[in-house]
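TrEMBL annotations:
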ACT_SITE  CYS2  active site, nucleophile
DOMAIN    2-223  domain 'Glutamine amidotransferase type-2'
BINDING   CYS240, CYS386, CYS437, CYS440  [4Fe-4S] cluster binding site
BINDING   SER287, ASP349, ASP350  Mg(2+) binding site
Amino acid sequence: MCGVFGAFSASGNPVLEEVYLGLYALQHRGQESAGVAWIDGENQIRTIKGQGLVHLALNQAELSGIPASSAIGHVRYSTAGGSGLSNVQPLAANYCRGPVAIAHNGNISNASGVRRYLENRGAIFQSTTDTEVILHLMAHQPHKTELDALVDSLRKLKGAFSLAVALKDRLVAARDPWGFRPLALGKRDDVYYISSESCALDLVGAEMIRELDPGEILVIDTDGLHSLRIPVEPRRRYLCSFEFVYFARPDSLIAGQSVYQVRKELGRRLARRSPCSGNCATGMPDSGTIAAMGYAEESGLAYEKAIVRNRYSGRTFIEPTQRVRELGVRKKLNPIRELIKGQSLAVVDDSIVRGTTSRKMVELLRNYGASEIHMRISSPPVRFPCYYGIDTPTREELAAARSNEEALCAEIGADSLAYLTETDLVEAIGLPACEVCTACFSGSYMEDGEKYEELDI
Ligand code: SF4
């Protein structure tokens with residue numbers, strides 16, 4: 001996870017407040033920290049970063065008064081490295097060719113190998129993030145311009161990266177050759193924007209022009225847009241299916257598809273495949289709600305918003321520790337007793353990752369008098385870790401990896417449990433199956449066997 005946002009004004013208008021707003025719209029992609037970076041008139045890189053939500057980490061009024069016409073920003077959810085302050089992005093450096101700052105969404109799967117290679121040649125790392133290898137790779141090519149060094153550095157990386165990069169007089173966006181994570185380009189007047197999701201473009205009043213192609217490097221300067229390619233063998237797209245299931249906001253477009261409509265279709269397909277005898281369907285807020293509406297519509301069940309989410313609480317999946325996640329479930333969700341008592345419920349959730357939320361919710365619903373609870377999951381069982389930017393590092397943590405469906409149903413205390421199939425997921429997304437990553441469901445990481453090995457460069 002994580003979200004990146006960038007803005008560049010060709011006529012020199014200040015953009016930092018808009019970067020703040022963009023991050024605000026991307027808050028769902030990371031709540032641990034937020035930061036912005038820009039290059040000042042003295043050619044020095046500047047950053048403001050803090051921990052917590054965007055409005056706590058950054059001061060909108062302060063940012064609006066800074067005359068930066070090009071800037072990047074980041075909201076963080078740690079997938080590589082811890083959540084300490086040194087890992088808060090954008091990561092920035094003034095190296096021999098000039099200032100550079102990087103905001104990264106994804107997970108560089110060969111970062112450990114690259115880091116070892118660089119440390120053996122004298123590099124001293126300041127953080128434990130995978131992103132920092134990009135800065136060092138650039139610094140190890142002092143004979144090249146910043147842009148050439150960046151392009152060559154990206155060629156050496158494996159895994160997932162959607163990047164916003166601030167260079168002197170330029171904003172650069174880049175997407176890994178598989179296109180795991182989304183990255184969109186927008187424009188309003190003379191300002192170009194790059195954003196992890198199109199919903200943030202809406203907030204700043206920008207029109208979405210297009211998404212970056214997998215493997216594309218887009219350079220934005222006062223002359224306009226220049227598109228380059230990461231110099232590797234062309235690869236097919238391998239877009240993360242979980243963006244549609246859970247991560248992305250429903251008001252975003254990814255690969256030309258409305259996340260909302262895909263999510264609703266997941267619910268419809270789930271109803272066709274796994275109907276249940278309940279008399280009411282409800283969704284686990286927020287990301288199960290839309291699929292629940294689709295489930296109810298298709299199955300003819302009444303739809304009730306029977307579980308209320310405290311809108312001021314965060315997303316449980318992206319809390320970094322199990323203890324906080326456990327507390328998070330209770331803090332954020334509460335069923336409406338009057339809608340639950342005596343009811344046989346179809347409860348639709350987007351996924352079962354660790355099983356914590358489902359178990360707690362089933363317990364709560366029973367306490368509130370539900371007669372039957374049929375859990376319906378709008379994605380296939382998550383049985384494998386993700387190495388492309390999602391924090392599921394071990395199989396032991398994944399409920400569906402340690403238990404089969406029947407055992408997991410008993411573990412969470414439900415009367416029945418059913419999942420969507422991988423075929424239904426891919427068909428609902430509407431892309432060819434070979435262009436959609438479903439590795440956390442299937443365990444098939446890459447067609448060519450390239451997984452997550454730590455490769456030397
Ligand atoms: S493994 Fe799962 S979460 Fe990771 S990129 Fe693939 S589909 Fe997305």
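From the backbone N, Cα and C atoms, a Cβ is placed for every residue, glycine too.
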Other residues, Cβ within 8 Å of CYS240, CYS386, CYS437, CYS440 Cβ centroid ([4Fe-4S] cluster site): PHE180, SER241, PHE242, TYR388, GLY389, ILE390, THR438, ALA439
Set of same-chain residues at least 6 away whose C-beta sits under 8 angstroms from CYS240 ([4Fe-4S] cluster binding site): ALA160, PHE180, ARG181, PHE247, TYR388, GLY389, CYS437
Proximal but sequence-remote residues of the same chain as ASP350 (Mg(2+) binding site) (Cβ under 8 Å, at least 6 apart): VAL245, TYR246, ARG263, MET284, SER287, GLY288, ALA291, ILE377, SER378, SER379
Additional residues surrounding Mg(2+), by Cβ distance to the SER287, ASP349, ASP350 centre under 8 Å: VAL245, TYR246, GLY283, MET284, GLY288, ALA291, VAL348, SER351, ILE377, SER378, SER379
Reported mean pLDDT - the domain 'Glutamine amidotransferase type-2' (2-223): 95
Whole-number Å value for how far ASP349 (Mg(2+) binding site) lies from CYS440 ([4Fe-4S] cluster binding site) (Cα to Cα): 17
Nearest-integer angstrom distance between the alpha carbons (Cα) of CYS386 ([4Fe-4S] cluster binding site) and CYS2 (active site, nucleophile): 14
Inter-residue Cα distance where the pair is ASP349 (Mg(2+) binding site) and the residue listed as 'active site, nucleophile', in Å: 22
CYS440 ([4Fe-4S] cluster binding site) - helix vs strand vs coil (DSSP): helix
Annotated recorded positions CYS2, ASP349, ASP350, CYS386, CYS440, filtered by Cβ under 6 Å to ligand 1: CYS386, CYS440
Proximal but sequence-remote residues of the same chain as ASP349 (Mg(2+) binding site) (Cβ under 8 Å, at least 6 apart): GLY283, MET284, SER287, GLY288, THR357, SER358, MET375, ARG376, ILE377, SER378
